[in-house]
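Now, the feature entries from Swiss-Prot:
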BINDING   G17, P18, M19, F20, A21, G22, K23, T24  ATP binding site
ACT_SITE  E92  active site, proton acceptor
BINDING   F121, L166, I167, L168, A169, G170  substrate binding site
BINDING   C146, C149, C179, C182  Zn(2+) binding site
Amino acid sequence: MNIIRKLKPGTISLVLGPMFAGKTTFLIHCIYMLERLEKKVVFIKSTKNTRDKTIKTHSGIQLRPKQCKIIESTQLSDVGSLTDIHAVVIDEAHFFDDLIKCRTWADEEKIIILAGLNASFEQKMFPSIVRIFPYCSWVKYIGRTCMKCNRHNACFNVRKNADKTLILAGGSELYVTCCNNCLKKYIY
């Protein structure tokens with residue numbers, strides 16, 4: 001299936017999944033396709049994302065965009081004018097409390113692509129994802145295999161330490177993604 005047909009001006013697309021599932025890799029693929037179509041793309045990442053100052057996945061895949069502008073921000077409302085931009089790509093969308101700002105950009109006929117976690121380490125939806133969900137014309141779920149048993153589909157993010165902070169950026173040093181069976185062993 002050619003994803004580019006789903007990415008139309010004025011629409012919001014949402015990619016959800018657990019950690020380490022390939023959501024950022026999917027965004028990189030979308031950026032490459034949009035750049036091949038000579039679209040001006042802006043990639044927005046949260047300042048809470050401590051991975052790198054570039055577009056980089058947990059597995060180390062890095063995008064070297066031709067013309068894609070990278071913006072780091074704590075809030076989408078601080079991004080400023082995007083008048084000359086065709087597409088807005090947002091990684092770790094759950095980090096942004098004002099994700100609903102994407103509706104304004106969609107009303108301006110921009111292609112909006114969001115990627116975020118399906119749930120927190122407490123297995124609860126992020127409020128900003130819940131608020132933007134009804135406005136998404138296309139939703140994709142990317143799964144992965146359980147990091148504990150390597151047998152079942154994993155959809156749960158589990159924090160390895162006792163920190164209860166809702167947003168705590170990190171990788172495999174802080175989190176594991178597991179299936180329902182392994183989640184029961186972790187929590188109970």
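From the backbone N, Cα and C atoms, a Cβ is placed for every residue, glycine too.
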In sequence order, the binding-site residues (P18, F20, F121, C182) whose C-alpha falls within 10 A of E92 (active site, proton acceptor): none
Least Cβ-crowded entry, counting other Cβ within 10 Å, from the binding-site residues listed as M19, C146, A169: A169
Binding-site residues compared (G17, P18, G22) - the one with the fewest other Cβ atoms within 10 Å: G22
Neighbour-count leader, CB within 10 A, binding-site residues: A21, C182: A21
I167 (substrate binding site), number of other Cβ atoms within 10 Å: 12
Greatest C-beta neighbour count within 10 angstroms, which of the binding-site residues C149, C179: C179
Cβ-centroid neighbourhood (8 Å) of the Zn(2+) site, C146, C149, C179, C182 excluded: T145, M147, K148, N150, R151, H152, A154, C178, N180, N181, L183
For C146 (Zn(2+) binding site), the one of G17, A21, G22, I167 that lies nearest, given that the binding-site residues are compared by Cα: A21
Alpha-carbon distance [A169 (substrate binding site); G22 (ATP binding site)] in Å: 17
Spatially closest candidate among C149, I167, A169, C182, the listed binding-site residues, to K23 (ATP binding site) (Cα to Cα): A169
For C182 (Zn(2+) binding site): DSSP state (helix, strand, coil): helix
